[in-house]
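Asks: Annotations per TrEMBL:
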- GLU148, GLU187, HIS190, GLU295: Fe cation 1 binding site (BINDING)
- GLU187, GLU238, GLU295, HIS298: Fe cation 2 binding site (BINDING)
- 206-225: transmembrane segment (TRANSMEM)
Amino acid sequence: MDRGFEHLTRRALAGGRGKPTSPLFRLSETLLSRAQHRPARLLATAAISKHEKTLDKNTTGLGSLPLTWPHKGWTEKMLLDVVPSHREPRTVGDRFAWRVTRICRWAMDFVTGMGPEQKVDSKHPTTAVAAHRPLTESQWLVRFIFLESIAGVPGMVAGALRHLHSIRRLKPDHGWIKTLLEESYNERMHLLTFLQMYQPSRLMRFMVFAAQGIFYNTFFISYLVSPKICHRFVGYLEEEAVHTYTRCLREMDAGSLLGWTKEDFKIPDIAVKYWNMQEGRRSMRDLILHIRADEASHRGVNHTLSNLDQSSDPNPFIVQDSNGGHTLNEKQVAVIKPRGLEREEIFKRRE
């Protein structure tokens, strides 16, 4: 790591001004960064390249493996049209899902060590992106890793349960499984990308391990009880994700994240390959734009799935029209209907 980037990282860990942001931030960074013999740290461009080779050697013993679900890509307009949004709760189930999401948001703020001056307006938690003090690169990456390690669970759980239900009942699943598993895969690719930019401490890894164990089993049981509420919860969780990445973009544009805006800063190769990012469009800002668009897609998709009959309605994102094309897709929902499509609206489109 070069001295300039090391100096920037040290300033970031201290709040960017040479002073700790808050006792809570100092506590969380002490736990997450100093619990192991080698402290967790941001990786400079050269370190990212070296770290990628290590990961490839450890995880792909048979060589470079093809992508299970190649990304379909985003247009420039779609990337820029994504905005934070919130679907107001309308039922008891919606309100329950929203309350659980707020608890998860509080836990995320605690783990990140976010001080009061770094929080946005609590009256508009998923749409307000301005705060008195920005987060640091280190705080953002810790937040991203925790967020993506949780976000990759629901699609896999829901897809697995619907798969088992289908073969147990000897009936088709109406096309839900593919969309759910593809969503889970997409979230995992987000996580793998950020892991090549940040080395989590042992305690942070343990916290992710514990959180996944609790969340997986809780979501598993919850999905058996009410898939509708679970999809609404995921929709709200994705609202938080879109808000998170939108705020990161805002602070990056304001010049608060200097380490990511340097001309020589390079994103991991895994991101370039997965999103088919063109030369000249491979900055950290471009990466966050692509990930935010993915999260916006999941937001609209899950709000839509929650509006459907969970046992009989087909998945509208893979239904083909008479010409063999898709009647609608995740991209359209992300841009046009961030709150999801209502059931009546879907059937009206088919008429």
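First residue shown is number 1, and so on along the chain.
Even glycines carry a Cβ here, placed using N, Cα and C.
Note that the structure is predicted; figures quoted are calculated from it, not measured.
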Asks: When you measure from the Cβ of GLU187 (Fe cation 1 binding site), which residues in the chain that are at least 6 apart have a Cβ under 8 Å away?
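Replies: In sequence order, the residues whose Cβ lies under 8 Å from that of GLU187 (Fe cation 1 binding site) (at least 6 apart) are GLU148, ALA151, GLY152, GLY155, HIS298.
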Asks: I want the residues beyond GLU187, GLU238, GLU295, HIS298 whose C-beta is within 8 angstroms of the mean position of the Fe cation 2 site's C-beta atoms, in chain order.
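Replies: Close Cβ neighbours, site residues excluded: ALA151, GLU183, ASN186, VAL234, LEU237, ALA241, VAL242, ASP294, ALA296, SER297, ARG299, ASN302.
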Asks: In angstrom units, rounded to an integer, how far apart are the Cα atoms of HIS190 (Fe cation 1 binding site) and GLU238 (Fe cation 2 binding site)?
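Replies: Distance (Cα to Cα, whole Å): 13 Å.
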Asks: Return the single residue from the binding-site residues list (GLU148, GLU238) that has the minimum number of other CB atoms within 10 Å.
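Replies: Taking GLU148, GLU238 as the binding-site residues, the minimal 10 Å Cβ count falls on GLU148.
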Asks: Tell me the Cβ neighbour count for HIS190 (Fe cation 1 binding site), meaning other Cβ atoms within 10 Å of its Cβ, over all protein chains shown.
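Replies: A 10 Å sphere around the Cβ of HIS190 (Fe cation 1 binding site) contains 25 other Cβ atoms.
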Asks: Between GLU238 (Fe cation 2 binding site) and GLU295 (Fe cation 1 binding site), what is the CA-CA distance rounded to a whole number of Å?
Replies: 6
Asks: Would you list the other residues of this chain near Fe cation 1 - those whose C-beta lies within 8 angstroms of the C-beta centroid of GLU148, GLU187, HIS190, GLU295 - in sequence order?
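Replies: The answer, listed by sequence position, is LEU147, ALA151, GLY152, ASN186, ARG188, MET189, LEU191, ALA241, ILE291, ASP294.
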